[in-house]
Amino acid sequence: MLKAKLKFPYEQLLATPTTAAVASLVVSLVALSFSPILIRLSESELGPNATIFNRFWISTVAFVLWNGFAAARRRLSNGQPEKLQLYPIRLVLLLLAGGIVIFATLALWALSLTQTNVANATLMHYLAPLFTVLGGWLIFGKRFDGKFLIGMFVAIFGAGIIVYNDISLTSDKLQGDLMALLSAVFLGFYPLIVEQLRSQLSTTIIMTWCSAIGSVLLLPIALLTEDRLFPYSLGGWLYAILLALICQILGLGLYAYSLNKLSSGFVSLCDLFVPVFSSLEAWVIFSEGLNWSTLISFVVIVSGVYLTSSSEFAIKEEVESAM
């Protein structure tokens, strides 16, 4: 249990062990921001579904090997084999839900991009924090004060600045927009589910299940929709492996780790930094144009997140660490 709350809740962001959670979240957001760049490079050989499938199965293998290595170390230190751990039904259902949600998020996002423009789909994704807050309130009884809600809307407004000029409101894009919106709903529920799991399971166990379930669900879709399932060149394999290591293992892994100390609503809101980071990286790597709207967006998002961090509901009062 933590001691009494600090007078200014945002000061808790600089307190141990919150510092580790904040640092993990920042690194995870930077790692996740490389996703569109690595997907673009990977799709020189593979379609979108095959790209995501390789991201899932490679990370599953890596997590399984890591868990096996950790179990072997524990056996050597304890001098006796570990007992088989049976999870209660509620925990299994949450693990299944986590895998289904991350699969649905990525699959619907990829599908929406074929039926609407990137700006519309991205704008829909920026609404994910709304569904995190709404789902947390309706399902898990979470509470949020005025500071948190105002900061959230300020940050969402800031994120929308990036794509404002490219938004197209036409009926022929409605189906794609709805798919992107549904993808945002699933994305909003993902941190809520992982937050529940983090109090009982380690990050690697959670990510193993989510990655494995994503692989199983996406395999038949990739087989039906793609001409090629695996890369055929060394460069293609390099991009696929980097996508799994950087975005799935490092990005989503540290994202899950941070949810042991930071609230799901706050973490979901910080997702809005990802497209800003992606724009900066594309500017550096591909020499893509960087306009003032990106910089203004970054300032507004920072202002919103700062206001949210001053809320007592950004940081958890209790820490139940499963590491």
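Numbering starts at 1 and runs along the chain as displayed.
Cβ from N, Cα, C; glycine included.
Annotations in TrEMBL come from automatic prediction, not curation.
The structure displayed is predicted, hence computed values, not measured ones.
Going by TrEMBL, these are the annotated features:
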- 12-32: transmembrane segment (TRANSMEM)
- 23-163: domain 'EamA' (DOMAIN)
- 52-70: transmembrane segment (TRANSMEM)
- 91-111: transmembrane segment (TRANSMEM)
- 123-141: transmembrane segment (TRANSMEM)
- 148-164: transmembrane segment (TRANSMEM)
- 176-194: transmembrane segment (TRANSMEM)
- 176-309: domain 'EamA' (DOMAIN)
- 206-225: transmembrane segment (TRANSMEM)
- 237-259: transmembrane segment (TRANSMEM)
- 266-286: transmembrane segment (TRANSMEM)
- 292-315: transmembrane segment (TRANSMEM)
**Prompt:** With pairs closer than 6 in sequence left out, are the transmembrane segment (52-70) and the transmembrane segment (292-315) joined by 3 or more CB pairs under 8 Å?
**Reply:** no
**Complete:** Averaging pLDDT over all residues of the domain 'EamA' (176-309) gives 88
**Message:** Checking distant contacts: for the transmembrane segment (237-259), what same-chain residues at least six beyond its ends satisfy Cβ-Cβ under 8 A?
**Reply:** 21-22, 24-25, 27-29, 31-32, 34-35, 38-39, 41-42, 44, 46, 51, 54-56, 58-59, 62-63, 102, 191, 194-195, 197-198, 203-204, 206-207, 210-211, 230-231, 267
**Asked** Between the transmembrane segment (52-70) and the transmembrane segment (176-194), are there three or more C-beta pairs closer than 8 Å, counting only pairs 6 or more apart along the chain?
**Response** no
**Request:** Give residue numbers and ranges for long-range contacts of the transmembrane segment (176-194): same chain, 6 or more residues beyond its ends, CB-CB under 8 A.
**Result:** 94, 97-98, 101-102, 104-105, 108-109, 111-116, 120-132, 134-136, 139-140, 206, 255-256, 259, 264-265, 267-268, 271
**Message:** Using a Cβ cut-off under 8 Å, which residues of the same chain at least 6 positions beyond either end of the transmembrane segment (206-225) come close to it?
**Reply:** 47, 49-50, 52-53, 56-57, 59-60, 63-64, 67, 95-96, 98-100, 102-103, 106-107, 194, 197-198, 248-249, 252-253, 256
